[in-house]
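Undergrad: My questions all concern the structure below.
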Amino acid sequence: MAAAVAGPLAAGGEEAAASVSLPGSPGLPGSRSAERALEEAVATGTLNLSNRRLKHFPRGAARSYDLSDITQADLSRNRFPEVPEAACQLVSLEGLSLYHNCLKCLNPALGNLTALTYLNLSRNQLSSLPPYICQLPLRVLIISNNKLGALPPDISTLGSLRQLDVSSNELQSLPVELCSLRSLRDLNVRRNQLSTLPDELGDLPLVRLDFSCNRISRIPVSFCRLRHLQVVLLDSNPLQSPPAQICLKGKLHIFKYLTMEAGRRGAALGDLVPSRPPSFSPCPAEDLFPGRRYDGGLDSGFHSVDSGSKRWSGNESTDDFSELSFRISELARDPRGPRQPREDGAGDGDLEQIDFIDSHVPGEDEDRSAAEEQLPSELSLVAGDVEKPSSSRREEPAGEERRRPDTLQLWQERERKQQQQSGGWGSPRKDSVLKRGIRAAGAGASAPSTQATCNGPPKSSTTQLGVSGGQGAPTPPPTSQDPLPVSGPVTAPVPRPLGSIQRPNSFLFRSSSQSGSSPSSPESVLRPRPFPQEKELISQLRQVLESRLQQPLPEDLAEALANGVLLCQLANQLRPRSVPFIHVPSPAVPKLSALKSRKNVESFLEACRKMGVPEADLCSPSDLLRGTAQGLQTVLEAVILVGGKAPLPVQPSSGLGGFLLFYVVFMLLLYVVYTRLLGS
């Protein structure tokens, strides 16, 4: 092997490094510095000949060294007009950097490097990418700052490619074959002449995408399927869809817009989800590129090369070739271990992140935490102590946890106890709704074999779907005095879908229900029917608000008032500038968050205090957010006290009928007396 490597080195030509000095050591001959670099290469397996202004490989100095075990070679910042033949004979080479040379074409002998996983050809003068480069087992290919006019169709054969950087070239379009690279995580096409992006890019498992400084006017709607994307750079483009004001807000709003646009065009989101790639193990960005920051910053400006050409050197992400640059090849030798399976058996491909606003956003986490302040910190059960859920169960997302059948009964029980303790208007109604929902859920189920006792250990219960004749009596419905039975740790019979069960009026169940059985809003299905007195109160309040605000109100008045926008407008109509700031929905985000809704409601209550509404007549912000009768009564009393144009809801008096009868008889007598006086 040593002879095979030393042969090309001694094939002829002059030794260019004989009179070159090592940077920082002006008195050291070039041959001595090259010899020292070769000695270190034999000892470490890494050949570093960077920044030496070499035009030819030092063949004479390499004649006496065995370079067959070299795995990394750094030939950057030199003046090589072509790839050295000696470098193409290092068959064990895994990483090769030819950054910042004068290459105008590539040596076909590069196809001999069958172990090469990293290739850096940036900042050269290449006008095309030969097909034999696409036959290498590359994981990282960097060819930025060249003169490429197109990518070859053979690029689809790079099945192991994870990072592709073709920035600062002359590309006018991307081939469709690029979208078949199922391992691609990082795609950089910055500073080209692209006018469109392929729709098929939405099927790639990209973690980072940079298409800034191009001519792109429309982002494909299919990009909403990029569920692993963490960084997207799209500045300096004449974007029209999404609009500029949405793009300035960040990635989350962009993907929200794309999802809504897909719905408007008739391509339902459910039709887009099956076309996503199958479940795979995504590679985090910190594993691929440790220590890197995707800040997209520019350097000081133009940079000149030996050929005299000048090109802009912006966004050069891999200018320096160091030990960290070969991390990809290390990952190839030491792959990551298998991922731990989920306890509930769900795979990665089963969880579809449809709404990008709901996850990985610190600001939204604050909204969610503020809304959850209304809930008790622990769940309390009536039928004795029950084991708490496991730690892995607590780590699951709140929305997924509430959808699970085994915890639905716990949430219902907690809601029922909370309503009993609050003593608010409508609590008995919610209890009855709860019990009817559970009774309907267990209509087709037989009695459980065992029940948990108050003092004994919890026992598991089995549920049989369907009723077999003569085997086991059906479970009697719970009465209003008895608590709901809890059997086992957290098990409950669920023979019907969760959407068919009426649940109490709580924001927990509003957020967890994504679709209802009727075309109306899901919240309208979950809200219990009001009492007759509450109906009369809602009707009277609707008339007052419509006359005050001069606009029609939706049918679900309590839900319309829950975000506090109409309440703040009403306060400003009663007394101008009583609420100086109102949070209103935007076209991109049509529904206010829980935190903003609560701020609106608190501003309305504060305005009521300033207008003279007694503190005893005011309700809590949670009453208005939940749309209870006490909250509606507060709104009506504020209008009556300040506006004075609406009567208070009074019960019909028992003596009203007698007074009317007396009045009619008295007027009749007066009429008779008057007629007789006129007749006489």
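Every residue number used here counts from 1 along the chain in the order it is shown.
Including glycine, each Cβ sits where the backbone N, Cα and C put it.
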Undergrad: Quick check on the record annotations: which of Ser31, Ser195, Ser279, Ser317 is tagged phosphoserine by Swiss-Prot?
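TA: Checked Swiss-Prot: the phosphoserine annotation sits on Ser279.
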Undergrad: With Swiss-Prot open, pick whichever of Ser281, Ser620 is annotated phosphoserine.
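TA: Swiss-Prot records phosphoserine at Ser281.
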Undergrad: Among the residues Ser313, Ser392, Ser515, Ser520, which does Swiss-Prot list with the feature phosphoserine?
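TA: Annotation hit in Swiss-Prot: Ser313.
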Undergrad: In Swiss-Prot, which of 1-35, 71-105, 211-245 is tagged region 'Disordered'?
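TA: So the range that Swiss-Prot calls region 'Disordered' is 1-35.
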Undergrad: Along the repeat 'LRR 3' (92-113), what average pLDDT does this model show?
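TA: Average per-residue pLDDT within the repeat 'LRR 3' (92-113): 94.
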Undergrad: How many other Cβ atoms sit within 10 Å of the Cβ of Ser586 (phosphoserine)?
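TA: So the Cβ neighbour count for Ser586 (phosphoserine) comes to 13.
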Undergrad: So how many of the residues in the repeat 'LRR 1' (41-64) end up helix, strand or coil by DSSP?
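TA: The repeat 'LRR 1' (41-64) comes out at 4 helix, 3 strand, 17 coil.
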